[in-house]
Every structure is written in C-alpha cells, then in structure tokens.
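Visitor: Found this in TrEMBL, in case it helps:
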TRANSMEM  12-32  transmembrane segment
DOMAIN    81-215  domain 'Palmitoyltransferase DHHC'
TRANSMEM  127-152  transmembrane segment
TRANSMEM  172-194  transmembrane segment
REGION    259-338  region 'Disordered'
C-alpha cells in the first residue's frame, strides 16, 4: 500500500511481495515435484514375489481365506510390518502407503492435498510445510497492516467517517473499503491456515505423518512408541526439514515394456495360416479360381452364368448342357488334350 509506504516505511510492501513470491515458489515446487512414488513391480518381479509368497504360506485349502501378506521388519528394536500392495505388486517400505487418488505407492506418505494437486510424501513434504508456513505469515502480515492502515486513517478523520467515505472525496477512499474487506477475509482465513501450520508443526516435532496420526499408529491401544522419533524436537525437525532427500526413482522418459509389447502384437500383420480361405473348395478338393479372379478384378474365362450348386451326391457323372451355357472343360479332359 502506498499510504503505509509513505507514512511508515517503504519496506512494508517489499516484504509482502517477497513473502508472496516465496509462497508461490514453494507451492509450485510442491505441486510439480515427485513426492516419492515407488515404481511398480515388473511382470517378472511380480511373478517371483508371488512364488515366494506361495512357498512361504503353502497351499491354502479351498474355502479358507489366505493369510495376510505381511513381512516383519525391525527398526530400533521394534517390529514394523511391511504390507503387500496388490496394485503395485510390491511389499511397501516402512511408512509408505498407496494413494487411491494418484494410484501409486508413496514413500513416507503424509496425505493427498487437493489444494496443491499432488501427494505429500518424503520428497516434497518440506516444501509443503514451507508453503503453509509462508502462507500463514503472509496472511498474518496482511491482516496486521490492514488494521494499521484503518487505525491510522481513523485517527485523522474518525473510524465512522473512514467507513462512510465515498469515491471521489478522498484519493484513497476505495482502498479503505477494500481494506475492511481484507480484514474480514484474513480473519476467517487465519483459523484454517494457521491451524493447519500448527498441526504440521506438531507432527514435525514428533517425526510423525498425518496418515500415522489419523490411523493412530503410535497412540493406539497398544501404546507402541514411534520408532522413527529421536526423542528430541530439534533432531526430529532437522531430519524432516533439513535431512538429505533421496533421488527420484521414476524414469519419466522410460517406456513401459508391457504396453510396448501389446502394441507390437496388435500392429503386426496376421500370418497366412491365420487368414481365412479366399477361395471355395470344389468337389475334388481343389480351389476354384472364379472367386479369386473376381477379387483381383478379372473376369472369369469360361462361363458368365453360374452353374447351380449341387452336392456330391446329386452331381451326375456326365452333365448335359442346356441352352445358354458354355461347356466347362474338366481337369481330366485338359490333361488328355495335352
């Protein structure tokens, strides 16, 4: 606001612009980065895992439910279960979960955020946290200086006169009405944005995810302690927000082999054995040339009037010619002439 920049300090709008750009940058980084998607098993890998499961569980009698596909893994002297994903055909790593919206298994799955249009996982959680933190600071900043602006105007002409100003009577009249609206919007926005930031700050301090908190993985009836927590808030915050990020295991330029082989099978021509016969078979087992010649565009050599179709039992030994028919030499007659 020009009024605050002139009356107080020119750094006020500059700092607001910096906060806005930082919030937009972290939003885009969260939306367009890989959250930690785990690739699905290839057909050979899936078949090998199925063989291992069958060898471990043995044959299940008909009518009985097979045992759950779970592997036990020990972390910090505590047993953690690795669950099998029937969609990705893999045993998910610890803290990973399958997102029903993205249809992928995500490492250290936190939640799927519809506002950023992406899953929040191990590789983009810190950017998501910085986004909601900067958005909270920006909302508080705008809310605070909007109140300061209204207060300064009220000291000069009074609060009621500030609200009753009409366009044209004062150069900044329209800004006053907008400022009051911004105060109301920021007041109701603070509860959601700041509350969400406080909730994730609590999770970061405990080294816990939203998915684990909703399921009550470490606060349930069993009272199992979180094996991933270091017992220190500073260490947990450093691991979650400042720890090394694993590289992405997705090959964005790769081609799925299964789809490629299917496309090749559909595009390849059918072999001669799979083609349907184009010529009708005669009584002696030899193909008649009339239908083939008609397909090629040539006319038949002998007769333009088709002979009546007779079965083998009704065919006479010597067929007499009727009016309008031409003689059709047989194969034996042609061989005798030669």
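Glycine residues also receive a Cβ, built from the backbone N, Cα and C atoms like all the rest.
Unlike curated entries, TrEMBL annotations are predicted automatically.
Where in this structure would I find these features, and how exposed are they?
Guide: Long-range contacts of the transmembrane segment (12-32) within its own chain (CB-CB distance under 8 A, at least 6 residues past either end) are made by residues 1-2, 4-5, 113, 116-118, 120, 124, 127-128, 130-131, 134-135, 137-138, 141-142, 145.
The average pLDDT computed over the domain 'Palmitoyltransferase DHHC' (81-215) stands at 83.
For the transmembrane segment (127-152), same-chain residues at least 6 beyond its ends with a Cβ under 8 Å from one of its own Cβ atoms are 1, 3-4, 7-8, 12, 15-16, 19-20, 22-23, 26-27, 29-30, 33, 110, 113, 116, 120, 159, 162, 175-176, 179-180, 182-183, 186-187, 189-190, 193-194, 196-197, 200, 204, 240-241.
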